[in-house]
Amino acid sequence: MKKQVLIALSLMIICFVTGGIYIAVSFQVGTEKLERITALHQVEFMRQSLEHDIKVAQSSLLLQGSPHNDIESTISHIEEIERAANNCLTCHHDPATKQKLEEMLLDLNEYMQLYSRTLTIRANQVRLQQARTLTYEKGEQLLTDVKSLSIASAGKISSRIQDIHQDIRTTNKFLILCLVLGPIAILLISLFFLRRFTGSVTTLTKATEHICSGNLEPIDIPLKNEFKALAGSFNKMVDSLKQERVNVSTANALYLALFEAAGDGICILHTGEKLGQIASVNPATLQLYGYTAEELIGKNCMDLSPAEEHAKFQEKMQKIMQGEWINCTITRIRKNGEHFAADISAGPLEINQQQYVLTFTRDVTERQKAQQELQRTNQMAIVGQMAAGLAHEIKNPLAGVKVSLDVLSEDVDLDAEDKEIFVRVLKEIDRMEKLLKGLLNYARPPTPHFDLIDINRLLEHTIKNVSVTVGDDLRKKVEFKTDLATDMPQSEADSGQLQQVFLNIYLNAIDAMDGVGTITTTTQREDENYLRIEFSDTGKGLSENMREQIFSPFFTTKSKGSGLGLAICRRLIEQHAGYIDVDSTEGTGTTFTIRLPLKQEQGE
């Protein structure tokens, strides 16, 4: 584009300079021709003067000898003829004209000599008359030559005047053409370049507006010269922006996917005047606390902790504002009021030069339970080993004592009071044997033998056995209800061990209700791999402290209980790769939940 503009300007300048030179040369040539015509007119005047002087001299010649003739006047005319002739020779003539003038000058000299003779011959009239006649004829010849030169000169003047007129007309036409076509040409050239320039600029402007509106489309209109290079750079920029947008979009999608799919609760908190106020959360946070996004966003994160931990929370926030990352375990509160332990990791975050606080929250309730369970397992292993050792050491002497007492009670003649003492001692020995048997079962539970069984039928059979065990009086006061799933498949389990578990739960429920109330048994298939059994009673329920220790060995709420029944039940359920839990509210009853796999893993 720049090269074309320079070329166009150069051509315009050349045209203007050429036109100016042509006009200047035309004026110069016209001026020279006018000067030449002026000179020719002056020559013509000289020739006319010469012709006049010759005619006067001829008249004087004819008047010689008359009273009207003046010799001095005649001599004066002769001198004028000589000066006029000399003036003619001083002008610039073409060679042919100059030759004629030289010949005429020779004739003129001859004429003046002849004329002088007419003035000097006085005595001989015949010769004087001959001289006058010869001089007069010569003068007429000169007049003829001068006239012929005048006619030739007049023709040249006329021809040159026509040439000058033609040159002037040509120059005028050229000037008019320049005055008309020059601005038109300039206008057309300007419009041409302006159209190309504005068209290219408009294309680039529209493309820029499209980019501003977010439409990253390249320029597909063909441009030329510098605008083509500019459009190429523009399209490269668009491609770069597209790639950058893709990269940013991909990064945002990855970050969003990580943010949305993270298992830990992630919160972004405001700083400054809104310190601690929740700005954004991921789905795991909503699930963790039980709130909706609308409920949680805008809420102060400190409100999710108990009041006694607010001071600790503010202290941690101050450390974060100083640029530290903190890690701690604190108590958090769900929407339903439930407290849970959570690991918190938090630190400063900067987004678009705005300071925030980024927090990661993980519910460690299950981890703490697992730790407690591991601790309990280790404790139970130690207790089991001790129990097994004690049972082994006590069992044999106790058996000897029992046999001895049996023999004594039969051989010795005792009164009724002493026999009653023997009976009580034997009962206590039986109770100790049962306790030792329970200790051995807890320490070394028998290996289960898995078979396909119908859980519903096993429960119904156990309920019948319980009814027989409790007697007629309790059967009238205890109501057994069942809600057994009809689509329950057979499961792999040890029927004897499960019946022992079910029987223990039923008997505990009857004791908790003081023999009066309702026991409800429910079964359902939880999913493709597990079944669920629930035992609910309407007894006194358990306190929180009791719930935490209910499966611990030797813990019992009964005056004569050993505290091993539920502990053994738990060991048996765990041998089935299952899970047993209790849910109870003091004063409203208790529910035991057992979760068992339908199929046992190989090697169980």
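In case you wondered, yes, glycine gets a Cβ from its N, Cα and C as well.
Remember, TrEMBL labels are computer predictions, not curated facts.
Just so it is clear, the model here is predicted, and its values are computed rather than measured.
Per TrEMBL, the feature domain 'HAMP' maps to 195-246. For 276-324, the entry in TrEMBL reads domain 'PAS'. Annotation comment: TrEMBL describes 326-376 as domain 'PAC'. Taken from TrEMBL, the feature domain 'Histidine kinase' covers 389-600. Here TrEMBL flags 6-27, 174-194 as transmembrane segment.
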Task: Averaged pLDDT score, the domain 'PAC' (326-376) - done: 85
Open item on the list: Based on DSSP, tally up the residues of the domain 'PAS' (276-324) by helix, strand and coil.
Closed with: 30 helix, 6 strand, 13 coil
TODO: Work out, from DSSP, the number of helix, strand and coil residues along the domain 'PAC' (326-376).
DONE: 12 helix, 31 strand, 8 coil
